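Listed in TrEMBL:
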ACT_SITE  91  active site
BINDING   95, 96, 97, 98, 99, 100, 101, 102, 129, 130  ATP binding site
DOMAIN    12-151  domain 'Fido'
């Protein structure tokens, strides 16, 4: 699956998204792996309430359409970051949304020839990640999140350059 998605010709589909989520939750929560949530959820620490579970298929189809329409209109880093934000805003799964979003974001980046954006687990970096996601959600301002992801991509590029020297 991983090799297929990184292929530049591979389309991002609902099947691909559900398959990646299935891999994320495999042996952790098998009964929900790859399945959209069947309940309404609330995100701890966020003002945002995700869409009702009955509209998830429609919202995910709209997200995929948005991605396909913007592949050539947006810079790949902006495309990947905004896809990540829109995905977690929908919050389609009962668990594993952040992990799945980060994987999808990085697969999008690699599809366009960019290195993965590694969001460090250190408290300050992780806090910035959540704060910029919340700002995008509450204030409808995705730019700080895009900038954060662009910085992570730049850091990855610097590590690659350092490894080559």
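Note: Cβ is positioned from N, Cα and C throughout, glycine not excepted.
Annotation: 101 carries the greatest number of neighbouring Cβ atoms among the binding-site residues 97, 101 [cut-off 10 Å, Cβ to Cβ].
Its Cβ taken as reference, the residue listed as 'active site' is surrounded by 23 other Cβ atoms within 10 Å in the chains shown. On its own chain, residue 99 (ATP binding site) has 24 as residues at least 6 apart in sequence with a Cβ closer than 8 Å to its own Cβ. If you take the Cα of the residue listed as 'active site' and the Cα of residue 129 (ATP binding site), they are about 16 angstrom apart, rounded to a whole number. Scoring each of the binding-site residues (95, 129) by how many neighbouring Cβ atoms lie within 10 Å, the top position goes to 129. Averaged across the domain 'Fido' (12-151), pLDDT for the predicted model comes to 94.
DSSP assigns residue 99 (ATP binding site) to a helical segment in the three-state reduction. Residues listed for ATP, 95, 96, 97, 98, 99, 100, 101, 102, 129, 130, cover a largest CA to CA span of 18 Å.
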